[in-house]
Amino acid sequence: MNKNTWIVGFTLFAMFFGAGNLIFPPNLGQDSGHFFWPAVIAFCLTGIGLPLLGVIVGALDKQGYVGSLNKISPKFSVIFLIIIYLTIGPLFAIPRTASTSFEMTVTPIAHTNSNLVLFIFTLIYFLVVLYLCINPGKIVDRIGSLLTPLLLITILAMIIKGFVDYSGNAPSHGNQVDYNSAIGSFSKGFTEGYLTMDAIAAIAFSMIVVNAIKATGVKHANQIFKQTVMSGLIAAIALVFIYVSLGFIGNHMNVDNATLKNLTAKYQNVGAYLLTTMAANSFGVFGKYLLGIIVALACLTTACGLIVSVSQYFNRIFPKVSYKAYTIFFTLISFILANLGLNAVISMSVPVLSVIYPIAITVVLLILLARFIPTKPIAQQIPIAVISIVSILSVISTNGWVKMSFIEALPLKQYSLEWFPIAVVATIIGYVVAKFVNQDHIVYQKE
């Protein structure tokens, strides 16, 4: 394993590790009580395992997901990837990284959230993002060699001090409704990891990883695939360490029921409260600055990864516009939305993400399956069409736009996994139908 693989791996870790990933584990630790380990193991399986799988699958075809999805349907490939890149990019996730950074750095330190201060902060924030992203060939070095070490050092400082301060405490009482047994805790942790939706980002980030590996001079498909796997494993191991550590500390922080009820009543995030408390108790006045640095770096690296991904994709399908022009355009859109109407954008984006997430996971699993089993396009088209319909109907019903009792009665609906048994059945049907359809088997291009 060479130096470049480590740099790419740590870059991938930093791109995945946004502010939400910082908040989820302590909250899980606090809620899981005496059943922490089943919960955190399950959380890592879906919260890290699915994104890792998504990155690896992106390296199966030399054209990445574009090539793999074109074999399902060229039109589906374009529509699906445009929706993914826009929703996790300038229309949702990127503006949110800026607003989250502002809320957890400037607001608690300067005690202000005025529109003028937000404007100045986001202007500086996106100028830094633009500088880091304008040259895609340098993005891996800039994140992997500079920002990631800073991010890891600050997180490790908080984790080490947190262990010293809290590891001697007994586990929290936890949420005894959702985490009342080892099996119940495992299923809840599994669902919570699934709901991070990082598997969608994996589809976007896989292009950066493959391009970065190619830029080092690696040309052979098998070597690109192996280095992608190794880089993904480096990122996954780092994420597991941090998730488990933050979760363990959150599990041993004693928070009384009155405080938890008060936070819930005010719609305040318990994970954010635990992090703030951990930082303040461990480092005093400096704690809020340390946490601010961690959040800012986590958000910045994620924003950079998303800007580069969306710009590279659009430059690939609409090459008449340069990569730099796309970078400037998407950064500008993100800057505007971070200052104007972000809540409205989020309210529109979340249902869209909820629709495409099951489709994205189904796509990843079908591509992986086709790598080992002879597969015709119809065998992939049928389950994707079925899951697309189920996902749309499920989101419509869940949001109360039109209540559908048959959707609400589906197995695993309470875990937002109602699509999975249907995907399994639809895939079996797809492979059976394929036996009677005259199509060539899918072959992924390696060279």
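From the backbone N, Cα and C atoms, a Cβ is placed for every residue, glycine too.
Residues or ranges marked as transmembrane segment by Swiss-Prot: 6-26 (among others).
Positions annotated as transmembrane segment by Swiss-Prot: 40-60 (among others). Long-range contacts of the transmembrane segment (40-60) within the same chain: residues 12, 16, 21, 24-25, 28-29, 32, 68, 185-194, 196, 198-199, 201-203, 205-207, 209-210, 224-225, 228-229, 231-233, 235-236, 239-240, 243-244, 247-248, 360-361, 364, 367-368, 371, 444, each at least 6 residues beyond the stretch ends and with a Cβ under 8 Å from a Cβ of the stretch.
The transmembrane segment annotation in Swiss-Prot covers 74-94 (among others), and the record cites sequence analysis as its basis. Within the chain carrying the transmembrane segment (74-94), a Cβ under 8 angstroms from the stretch's Cβ atoms is held by residues 18, 65-66, 200-201, 203-204, 302-303, 306-307, 309-310, 313-314, 317, 330, 333-334, 337, 345-346, 349, 352-353, 356, 359-360, 363, 384, all 6 or more beyond its ends.
Under the heading transmembrane segment, Swiss-Prot lists 116-136 (among others), citing sequence analysis as support. Outside the transmembrane segment (116-136) by six or more residues, the chain places 98-99, 101-102, 106, 110, 142-143, 208, 211, 300, 303-304, 307-308, 311-312, 323-324, 327-328, 331-332, 334-335, 338-339 with a CB less than 8 A from a CB of the stretch.
The transmembrane segment annotation in Swiss-Prot covers 143-163 (among others).
The feature transmembrane segment is assigned by Swiss-Prot to 193-213 (among others), with sequence analysis given as support.
Within the chain carrying the transmembrane segment (229-249), a Cβ under 8 angstroms from the stretch's Cβ atoms is held by residues 1, 5-6, 8-10, 12-13, 16-17, 21-22, 24-26, 28-29, 32, 36, 39-40, 43-44, 47-49, 52, 55-56, 59, 152, 155, 159, 162-163, 166-167, 209, 213, 278, all 6 or more beyond its ends. Per Swiss-Prot, transmembrane segment is recorded for 229-249 (among others), and the stated evidence type is sequence analysis.
Taken from Swiss-Prot, the feature transmembrane segment covers 270-287 (among others), and the record attributes it to sequence analysis.
Annotated transmembrane segment per Swiss-Prot: 290-310 (among others), in sequence order. Packing against the transmembrane segment (290-310) from elsewhere in the chain are residues 11, 14-19, 21-22, 85-86, 88-90, 93-94, 97-98, 100-101, 104-105, 108-109, 125, 128-130, 132-133, 136, 139, 142-143, 147-148, 150-151, 154-155, 157-158, 201, 204-205, 207-208, 275-276, 279, 283, 326-327, 330-331, 334: each is 6 or more residues past its ends and has a CB under 8 Å from a CB in it.
Annotation comment: Swiss-Prot describes 328-348 (among others) as transmembrane segment.
The transmembrane segment annotation in Swiss-Prot covers 350-370 (among others). Residues 50, 53-54, 57, 60, 68-69, 72, 80, 83-84, 87-88, 92, 197, 199-200, 202-203, 379-380, 383-384, 387-388, 390-392, 394-395, 398-399, 419-420, 423, 427, 442, 444 of the same chain lie 6+ residues outside the transmembrane segment (350-370) yet bring a C-beta within less than 8 angstroms of a C-beta in it.
Here Swiss-Prot flags 417-437 (among others) as transmembrane segment.
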Highest Cβ pair tally under 8 Å against the transmembrane segment (193-213), stretches 6-26, 143-163, 270-287, 417-437, lands on 6-26
Relative to the transmembrane segment (270-287), which of 6-26, 143-163, 417-437 accounts for the most Cβ pairs at distances under 8 Å?
-> 6-26
